[in-house]
Amino acid sequence: MPELPEVETSRRGIEPHLVGETILHAVVRNGRLRWPVSDEIHALSDKPILSVQRRAKYLLLELPDGWIIIHLGMSGSLRILPEERPAEKHDHVDLVMSNGKVLRYTDPRRFGAWLWTRELEGHNVLAHLGPEPLSDAFNGAYLREKCAKKKVAIKPWLMDNKLVVGVGNIYASESLFAAGIHPDRLASSLSEKECELLAQAIKAVLLRSIEQGGTTLRDFLQSDGKPGYFAQELQVYGREGEPCRVCGTPILAGKHAQRRTYWCRRCQK
């Protein structure tokens, strides 16, 4: 599933081609996504795009009278293409733009979403979200406060959007390795220093992934069709049995809350 770096990479890739341009019309080839594509998106016509923003794993296209909310789901990606490029099997939604280009949404598993809302505030998919991990609001002190009485393993707690948004399975594993913290540790057992290290590790790992265009393991592509190159820098995720890049110990794998987790037994305590 695309996580924060992949969604932010998509935002940065499409923004220069959309802001200041007008949506001439939408083409919805298959509206049966996680939720049906909103009727207002089917009917789009002559709508300028004012901004392209991101909240958590949602892309937000601001129009004069409302917002398009896009979620990439498990296998979605967005590309900027020439208008004349023929659609392929899994290309479900196009926004045809005034500059001769299309914003094309591709999603083999159809678990993404295209929603419409007049107002962002209070929309059910955006309500009750924690802070952005790259914001000043997310820091060691905040993490310590939220972990202090939490009797759950730190790995699944990091993936809870009420704690912090956008940190999915890949980046939770990578951040815990960078901070030297075992994924089985109870959140409440983390010291003030460990919380500070973990907050900084999360920021550093996410920023590095954004620099590399995100992580492509299967379906994700950047807006120009290229894969994300952070996959080449993964320290533990997907490397079961391979030697740790730091100490040489074989990487271990297990499950936490039904999600695959990877760690080094020597580097993470």
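Including glycine, each Cβ sits where the backbone N, Cα and C put it.
What Swiss-Prot lists as active site, schiff-base intermediate with DNA is PRO2, and the listing cites sequence analysis. Under the DSSP three-state reduction, PRO2 (active site, schiff-base intermediate with DNA) is assigned to coil, being neither helix nor strand.
For GLU3 (active site, proton donor), the number of other Cβ atoms no farther than 10 Å from its own Cβ, over all displayed protein chains, is 24. According to Swiss-Prot, the feature active site, proton donor maps to GLU3 (among others), an assignment based on sequence analysis.
DSSP classifies LYS57 (active site, proton donor) as coil under the three-state reduction. Summarising the annotation, Swiss-Prot assigns active site, proton donor to LYS57 (among others).
If you look up Swiss-Prot, you'll see HIS90, ARG109, LYS150 marked as DNA binding site. For HIS90 (DNA binding site), the same-chain residues lying six or more positions away in sequence with a CB closer than 8 A to its CB are THR106, ASP107, PRO108.
With a cut-off of 8 Å between Cβ atoms, the residues of this chain six or more beyond the zinc finger (235-269) that come close are 153, 155-156, 159, 169-170, 172-174, 176-178, 180-184, 217. The zinc finger annotation in Swiss-Prot covers 235-269 and rests on sequence analysis.
ARG259 (active site, proton donor) has a Cβ environment of 14 other Cβ atoms inside 10 Å. The active site, proton donor feature in Swiss-Prot is assigned to ARG259 (among others).
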Note: in the chain of LYS150 (DNA binding site), residues six or more apart in sequence with C-beta under 8 angstroms of its C-beta are TRP157, LEU186, ALA187, SER188
Cα of LYS57 (active site, proton donor) to Cα of ARG109 (DNA binding site), in Å and rounded, measures 17
For the zinc finger (235-269), the DSSP residue counts stand at 0 helix, 12 strand, 23 coil
